[in-house]
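Annotated features, as they stand in Swiss-Prot:
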BINDING   His75, His110  heme b binding site
DOMAIN    17-160  domain 'Globin'
SIGNAL    1-15  signal peptide
Amino acid sequence: MKFLVLALCIAAAVAAPLSADEASLVRGSWAQVKHSEVDILYYIFKANPDIMAKFPQFAGKDLETLKGTGQFATHAGRIVGFVSEIVALMGNSANMPAMETLIKDMAANHKARGIPKAQFNEFRASLVSYLQSKVSWNDSLGAAWTQGLDNVFNMMFSYL
(Lines of atoms letter the chains of each structure in order from A and count residues from 1; the text may use other names and numbers.)
(Lines give C-alpha, C1' and ligand atoms only; values in the text may rest on other atoms or scores of the structure.)
Protein backbone atom coordinates (compact mmCIF):
# COMPACT_ATOMS: atom_id res chain seq x y z
CA MET A 1 0.00 0.00 0.00
CA LYS A 2 2.82 2.44 0.85
CA PHE A 3 4.37 1.78 -2.54
CA LEU A 4 1.08 2.62 -4.26
CA VAL A 5 0.76 5.89 -2.36
CA LEU A 6 4.35 6.81 -3.18
CA ALA A 7 3.85 5.91 -6.84
CA LEU A 8 0.73 8.08 -6.99
CA CYS A 9 2.58 11.00 -5.39
CA ILE A 10 5.40 10.74 -7.89
CA ALA A 11 2.98 10.40 -10.79
CA ALA A 12 1.16 13.52 -9.61
CA ALA A 13 4.44 15.40 -9.36
CA VAL A 14 5.32 14.70 -12.96
CA ALA A 15 1.79 14.83 -14.34
CA ALA A 16 2.52 18.09 -16.12
CA PRO A 17 6.24 18.16 -16.91
CA LEU A 18 7.65 21.26 -18.49
CA SER A 19 7.60 21.44 -22.24
CA ALA A 20 10.88 22.12 -24.00
CA ASP A 21 9.79 25.75 -24.51
CA GLU A 22 8.89 26.21 -20.84
CA ALA A 23 12.16 24.62 -19.75
CA SER A 24 13.99 26.97 -22.09
CA LEU A 25 12.30 29.96 -20.43
CA VAL A 26 13.27 28.70 -16.98
CA ARG A 27 16.86 27.97 -18.04
CA GLY A 28 17.23 31.35 -19.73
CA SER A 29 16.06 33.28 -16.69
CA TRP A 30 18.12 31.14 -14.32
CA ALA A 31 21.22 31.74 -16.45
CA GLN A 32 20.84 35.46 -15.71
CA VAL A 33 21.11 35.00 -11.94
CA LYS A 34 22.84 31.69 -11.21
CA HIS A 35 26.25 33.31 -10.80
CA SER A 36 24.90 35.54 -8.01
CA GLU A 37 24.97 32.74 -5.44
CA VAL A 38 25.77 34.94 -2.45
CA ASP A 39 23.11 37.50 -3.38
CA ILE A 40 20.49 34.77 -3.79
CA LEU A 41 21.18 33.19 -0.39
CA TYR A 42 21.43 36.62 1.25
CA TYR A 43 18.03 37.56 -0.19
CA ILE A 44 16.46 34.31 1.06
CA PHE A 45 17.97 34.60 4.55
CA LYS A 46 17.07 38.30 4.81
CA ALA A 47 13.43 37.49 4.00
CA ASN A 48 13.39 34.35 6.17
CA PRO A 49 15.55 34.55 9.30
CA ASP A 50 13.94 31.29 10.44
CA ILE A 51 15.58 29.50 7.53
CA MET A 52 18.97 31.00 8.37
CA ALA A 53 18.51 29.86 11.99
CA LYS A 54 18.34 26.22 10.82
CA PHE A 55 21.98 26.36 9.73
CA PRO A 56 24.21 25.88 12.80
CA GLN A 57 27.11 27.68 11.13
CA PHE A 58 24.94 30.78 10.57
CA ALA A 59 22.45 30.74 13.47
CA GLY A 60 22.64 33.80 15.69
CA LYS A 61 25.18 35.57 13.49
CA ASP A 62 24.88 38.90 11.73
CA LEU A 63 23.76 38.35 8.13
CA GLU A 64 25.54 41.45 6.86
CA THR A 65 28.83 40.16 8.26
CA LEU A 66 28.24 36.60 7.07
CA LYS A 67 27.56 37.72 3.51
CA GLY A 68 31.24 38.47 2.95
CA THR A 69 32.62 35.20 4.30
CA GLY A 70 33.94 32.22 2.41
CA GLN A 71 31.73 29.90 4.47
CA PHE A 72 28.63 31.78 3.31
CA ALA A 73 29.79 31.80 -0.32
CA THR A 74 30.51 28.08 -0.21
CA HIS A 75 27.08 27.24 1.15
CA ALA A 76 25.39 29.60 -1.31
CA GLY A 77 27.23 27.79 -4.10
CA ARG A 78 25.88 24.44 -2.90
CA ILE A 79 22.28 25.65 -2.82
CA VAL A 80 22.43 27.45 -6.15
CA GLY A 81 24.33 24.51 -7.63
CA PHE A 82 21.49 22.17 -6.65
CA VAL A 83 18.92 24.47 -8.27
CA SER A 84 21.13 24.73 -11.36
CA GLU A 85 21.30 20.94 -11.68
CA ILE A 86 17.53 20.64 -11.44
CA VAL A 87 16.94 23.48 -13.92
CA ALA A 88 19.37 21.87 -16.39
CA LEU A 89 17.42 18.60 -16.24
CA MET A 90 13.94 20.13 -16.72
CA GLY A 91 12.01 19.69 -19.94
CA ASN A 92 13.24 16.24 -20.91
CA SER A 93 11.38 13.21 -19.58
CA ALA A 94 14.52 11.09 -20.00
CA ASN A 95 16.04 13.17 -17.19
CA MET A 96 13.34 12.31 -14.65
CA PRO A 97 15.32 9.50 -12.94
CA ALA A 98 18.26 11.86 -12.41
CA MET A 99 15.98 14.61 -11.08
CA GLU A 100 14.27 12.16 -8.77
CA THR A 101 17.61 10.95 -7.38
CA LEU A 102 18.78 14.51 -6.67
CA ILE A 103 15.47 15.52 -5.11
CA LYS A 104 15.16 12.33 -3.05
CA ASP A 105 18.68 12.77 -1.63
CA MET A 106 18.09 16.43 -0.81
CA ALA A 107 14.73 15.63 0.84
CA ALA A 108 16.29 12.86 2.94
CA ASN A 109 19.05 15.20 4.10
CA HIS A 110 16.57 17.88 5.12
CA LYS A 111 14.09 15.44 6.66
CA ALA A 112 16.84 14.12 8.93
CA ARG A 113 17.38 17.68 10.18
CA GLY A 114 13.68 18.28 10.80
CA ILE A 115 13.19 20.97 8.15
CA PRO A 116 9.42 21.55 7.78
CA LYS A 117 7.59 21.90 4.48
CA ALA A 118 6.68 25.46 5.47
CA GLN A 119 10.33 26.49 5.26
CA PHE A 120 10.67 24.95 1.82
CA ASN A 121 7.65 27.02 0.77
CA GLU A 122 9.29 30.14 2.24
CA PHE A 123 12.46 29.34 0.30
CA ARG A 124 10.42 28.91 -2.89
CA ALA A 125 8.55 32.19 -2.44
CA SER A 126 11.78 34.08 -1.79
CA LEU A 127 13.53 32.48 -4.75
CA VAL A 128 10.67 33.51 -7.05
CA SER A 129 10.65 37.01 -5.56
CA TYR A 130 14.40 37.28 -6.19
CA LEU A 131 13.95 36.15 -9.79
CA GLN A 132 11.12 38.63 -10.34
CA SER A 133 13.38 41.44 -9.15
CA LYS A 134 16.31 40.46 -11.37
CA VAL A 135 14.96 39.21 -14.70
CA SER A 136 12.37 40.38 -17.20
CA TRP A 137 9.38 38.61 -15.64
CA ASN A 138 6.17 37.99 -17.56
CA ASP A 139 3.17 35.67 -17.37
CA SER A 140 4.76 32.97 -19.53
CA LEU A 141 7.94 32.92 -17.47
CA GLY A 142 5.94 32.94 -14.25
CA ALA A 143 3.81 30.02 -15.43
CA ALA A 144 6.90 28.04 -16.44
CA TRP A 145 8.61 28.60 -13.08
CA THR A 146 5.40 27.78 -11.22
CA GLN A 147 4.96 24.50 -13.08
CA GLY A 148 8.60 23.55 -12.74
CA LEU A 149 8.70 24.34 -9.03
CA ASP A 150 5.36 22.58 -8.48
CA ASN A 151 6.87 19.45 -10.01
CA VAL A 152 10.03 19.65 -7.92
CA PHE A 153 8.31 20.50 -4.64
CA ASN A 154 5.56 17.90 -5.07
CA MET A 155 8.20 15.24 -5.62
CA MET A 156 10.29 16.51 -2.72
CA PHE A 157 7.31 16.64 -0.37
CA SER A 158 6.50 13.02 -1.22
CA TYR A 159 9.85 12.12 0.38
CA LEU A 160 9.57 14.31 3.49
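Here the Cβ of each residue, glycine as well, is placed from N, Cα and C on the backbone.
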Segment-level pLDDT (mean, integer) for the domain 'Globin' (17-160): 97
Neighbourhood of His75 (heme b binding site) by C-beta distance under 8 A, where only residues 6 or more apart in the same chain count: Leu41, Phe55, Gln57, Phe58
Nonlocal residues around His110 (heme b binding site), in sequence order (Cβ under 8 Å, 6 or more apart): Phe120, Leu160
